[in-house]
Amino acid sequence: MTEFSHFYQWIVNNPFEIWLNTLPSQLTAWRLSVLKNPKAKAWLNTVQGLPELLPSYLNLLDRIQADISPPISESLQKGIENRLKALMPWRKGPFSLYGIHIDSEWRSNCKWKRILPHLDSLVGKKVLDVGCANGYHLWRMLGAGARLAIGVEPMPLFFFQFMAVKKLLGEALKAQILPLRIENIAPVEAFDTVFSMGVLYHRRSPLDHLYQLKNQLRSSGQLVLETLVIDGNDQQVLIPEKEYAKMRNVYFIPSVSLLNVFLKKCGFIDVRLVDVTATSTDEQRRTCWMTSESLLDFLDPEDHSKTIEGYPAPFRAILTAYKP
């Protein structure tokens, strides 16, 4: 598959090379399956229709911004913008690409700002982001100095959004999304840092997820875990009966104390809570790039401390831990 040709070259002669035994057939099967969907075919055509641009200015450290001198023509800019809008909704961002500002639903830079002070240095490191959505944070990881940033994300639209951005930032940049689930990827125990952000509460078995993350880390590697939490002691967890904030696939929202117990149960050490933040409408909101319901629609209109179902409104915790 041409979408992964660079990636296959990157993982030769390093611990990830064992993936070459399984990934090519897995990704070929994924492509054949996903392109049976007319929407996915349209997304692929949209990405293929984008020009390959090499920016003369690229900032991945403070934001994701690409520009070129002299600037692209107004007609080319409009054509790119129309193609990017054909990949809506954009839930993660923002991106500034040749004068086009993708104002995504989530201001993912806010999360990155909270996480960054607590990271081990990423300079020259190999990092994995599990459930990476459209790869926004992969680019920020490269900006922080990572040598290789790999994301795992099974949702097709997110993959095509990533490929669109990659085409506009530069194909040689060492970031890649694998459109698979983490349980379908062989453990390599080789990543310096593994991220799981906004995933744990979607998993029916949170302990299995933590073990999957651990099995990708090298010894002494850092785990960064960001997830929904509730107040309570080390025995308290919220299991929504039907929906949480209009999401059907939320299974498990633990207290911070219980999350700490889980991490230690799975063998992680030096577990630290580094941030707890209430999700705000400044960070998650409806925009012209994501026009359907957003956080404000998920909260009780009379009491924003509760979801529409009456549960505690979203609070997100960030914990770090290490594999022995």
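Cβ coordinates are placed from backbone N, Cα and C, and glycine is handled just like the others.
A C-beta separation below 8 Å, combined with a sequence spacing of at least six in one chain, links Arg316 (carboxy-S-adenosyl-L-methionine binding site) to Lys111, Gly198, Glu226, Thr227, Leu228, Val229, Val276, Thr277, Ala278, Thr279. Under DSSP, Arg316 (carboxy-S-adenosyl-L-methionine binding site) is assigned to a strand (E or B) in the three-state scheme. Taken from Swiss-Prot, the feature carboxy-S-adenosyl-L-methionine binding site covers Lys92, Trp106, Lys111, Gly131, Ile182, Glu183, Met197, Tyr201, Arg316, and the record attributes it to sequence analysis.
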Hey, what's the Cβ neighbour count for Met197 (carboxy-S-adenosyl-L-methionine binding site) at 10 Å?
21
